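Data block below; observations after.
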Amino acid sequence: MPLRLEIKRKFAQRSERVKSVDLHPTEPWILSSLYSGSVCIWDYQSQTMVKSFEVSELPVRSAKFISRKQWVVAGADDMFIRVYNYNTMDKVKVFEAHTDYIRCVAVHPTLPYVLSSSDDMLIKLWDWDKGWMCTQIFEGHSHYVMQVTFNPKDTNTFASASLDRTTKIWSLGSPDPNFTLDGHQKGVNCVDYFTGGDRPYLITGSDDSTAKVWDYQTKSCVQTLEGHTHNISAVCFHPELPIIITGSEDGTVRIWHSTTYRLENTLNYGLERVWAVGYMKGSRRMVIGYDEGTIMIKMGREVPVASMDTSGKIIWAKHNEIQTVNIKTVGAGFEVTDGERLPLAVKELGSCDLYPQSLKHNPNGRFVVVCGDGEFIIYTALAWRNRSFGSALEFVWSSEGEYAIRESTSRIKIFSKSFQEKKTIRPTFSAERIFGGILLAMCSSDFICFYDWADCRLIRRIDVNVKNLYWADSGDLVAIASDTSFYILKYNRDVVASYLESGKPVDEEGVEDAFELLHEVNERVRTGIWVGDCFIYNNSSWRLNYCVGGEVTTMYHLDRPMYLLGYLANQSRVYLIDKEFNVMGYTLLLSLIEYKTLVMRGDIERANDILPSIPKAQYNNVAHFLESRGMLEEALEIATDADYRFDLAVQLGKLEVAKAIAMEAQSESKWKQLGELAMSTGKLDMAEECLVQAKDLSGLLLLYSSLGDAEGIEKLASQAKEHGKNNVAFLCLFMLGKLEDCIQLLIDSNRIPEAALMARSYLPSKVSEIVAIWRNDLSKVNPKAAESLADPSEYPNLFEDWQVALTVEKNVASRRVHYPPADEYLNHAEKSDMTLVEAFKRMQVIEDEETEDALDENGEPDEEVLEENKVEESTDEAVEVDADEPEETVLVNGKEGEEQWVLTEHE
């Protein structure tokens, strides 16, 4: 059966002919050497070029990373080897290495060595710790040496491929080859070693269009791979998967099974001839160099093949080797930190006859099934003995220990606990996946059908695209994961049982009330498990979350991809594994889960009984959960964080509680927030106290001015000046009618022009004094401008109604400190737009007219007219402008002002 490897193209870049490729071990970089003479570094994540080196005008046939030195080493047709620092772009070394084209360079994995091979039929060893001295020359080939590669299992030996049709094995320190592998009909272009520990193999590719697998211990050809129609230019054993990759000048890349040597897949990206293949240990990425560019593919999933039983025993598969660890072996003396790799002792359990692609314990942990290559094998978990096997595309366990296999899209078989076949189901649709658990589920591309295990009766069809399915241990809840979200459903088993017992027919949709949708969460689930009624999962952003009652809580932000293994209740820890088989644990309290579950069920009394068992450090977590359920009062009682308790108290309108928290915290922001809330609720005394504590002078100005509190405004003016809040201080002084202090504040703030203009409008008698100050200050910067300033006392003709303004100032000076009560505002509002100077002049005109009317024909006073005037005077109101109303606009000497005055008739 085929491996069914998922192959995805991750990077594609057109360029000149690519002669070699390499992957960086830590950075997301691809190194390509081009026939045009340059070397490029591409970032396959951002799909951009990171670096480019112009090496030579002739082809660069080989380039490799030396990551431990931050170098790139390249060999070209100009016979020189060049070394560059890929961080600084500096050229580290240039030296002539051969007398003909350099075909290949290979870097020793640990020692400071580089091998080079050439058309001069020589292989040379270079030591960069000795200034790139040539420390050894290997002679023996009779034609071009096309490639050299170190043996990863014995780095003291290496292999070379030559157009003399041979492959030779060499040892460092010996000038002669250990032995020669001869079997190809034409020249050998490429060679690579098998990286696994179980087979001493290497592979070669030749111009005879074949690739040969060799056992270098017996020196025999194990297998010949035929299928390409042109020269094979690149070969490799994949370091992680049981496959062989061959690339040819026929434009195809062929993927072969490394055990059965069956052709699994053929790739053709239409970029003409294949020249190079690159890989990296620990990664499933492969990079391919073509005539017209570079392609990177990713094969299979990087999810580790591992399973944990309920006691903490973990079994995993590394290639065909099966290993086991036990979490309980971590001693009590070891302090376990969340996210820290556990120091687990790995034991070899055995090997597997097929390449494992999935591995899963049965519910009681006694058996383990391994699936792969279209087959399954059931082993005992302790002794790793084979109990059953067969062909299957998929295998699932039931909650009772039975199992089902999917042989094809149209046939599913069910087996008993004793491994005996019970039933065969032929679904009426194409079953692309099956899932186990309480019910047997089969899904197509856009729906899923649930069946009971006993009689295979349809329970329910649900129209949803399913990627995975997770049953709770209780069997009452199930999570259905799709591409973008997951759904929590309740399984009503009693409803189903009563319906089936009634004998009513089941239609193609199943039992209508079998499932009840409880929650939908818009997050993609990568892996998930149930703990009681709590669903734990990691999402597409690799955050470890849990969901109780539809409320999602993030436990931890994972720094790399990790996959859930299980939960141990006695340790209150959830365990995960990464692709390197490192196991980490994270704390998740069972009492916390139980508490949230009871709250969701409305059983508050039992939830409160559990609360004392939850550590105080988790109380804020509990409070946030209660807040999300709308239980703010309970959240406030439980929360321990001062900031959070303050926010809850504000939400509840409990100002006294919030005030007590603010007193402890002494936070200006809290006092300000509380002051605004107190003001909005009419608690003005508390608002004043809060604003004072917050030093919110603007807020106090609003409060005092609204209350008409002259004493408070006076104190605020002093505070504002002390704190340098001149705008607030000015407004306070202005509202108090302290014009001299306002002008002095402007002068002290170096706002002398504004002081002069204000004096012109409100205190004409002070203008001359301020102009002198202004002139003196301005003369330091612009003497001519200073001389042009006019003093009203010297040039009264330039200032309209100057004498009238001085007279008005004298008349109203005594009234500036009197504040009419607020309830008399309407009596003054109509006169708020009156200009004092104009009013004064008009009153003078009226007096003159009245004097003329009071004289008779002989110029003597007319007693009758005088008597009428007295009556009118007694009934007319005085022309008043309220000096304490800053909200209205008053025109003074034709200027806008904010002060209001009370005018009396001129006697």
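Just so it is clear, glycine is given a Cβ too, placed from its N, Cα and C backbone atoms.
Listed features, source Swiss-Prot:
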type: COMPBIAS; residues: 850-866; note: compositional bias 'Acidic residues'
type: COMPBIAS; residues: 874-887; note: compositional bias 'Acidic residues'
type: REGION; residues: 850-887; note: region 'Disordered'
type: REPEAT; residues: 13-52; note: repeat 'WD 1'
type: REPEAT; residues: 55-94; note: repeat 'WD 2'
type: REPEAT; residues: 97-136; note: repeat 'WD 3'
type: REPEAT; residues: 140-180; note: repeat 'WD 4'
type: REPEAT; residues: 183-224; note: repeat 'WD 5'
type: REPEAT; residues: 227-266; note: repeat 'WD 6'
type: REPEAT; residues: 269-309; note: repeat 'WD 7'
type: REPEAT; residues: 351-389; note: repeat 'WD 8'
type: REPEAT; residues: 461-501; note: repeat 'WD 9'
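Long-range contacts of the repeat 'WD 4' (140-180) within its own chain (CB-CB distance under 8 A, at least 6 residues past either end) are made by residues 101, 103-104, 106, 108-111, 113, 115-119, 121-123, 125, 186-193, 195, 197, 200, 202, 204-207, 214, 216, 219, 281. Residues of the same chain lying 6 or more positions beyond the ends of the repeat 'WD 9' (461-501) and with a Cβ under 8 Å from any Cβ of it are 399, 433, 435, 437-439, 441, 443, 445-450, 508-511, 513-525, 528-530, 532-533, 535, 537, 547, 550.
The helix, strand and coil residue counts that DSSP assigns across the repeat 'WD 6' (227-266) are 0 helix, 21 strand, 19 coil. Counted with DSSP, the repeat 'WD 2' (55-94) comes out as 3 helix, 23 strand, 14 coil. The average pLDDT the prediction assigns to the repeat 'WD 7' (269-309) is 90.
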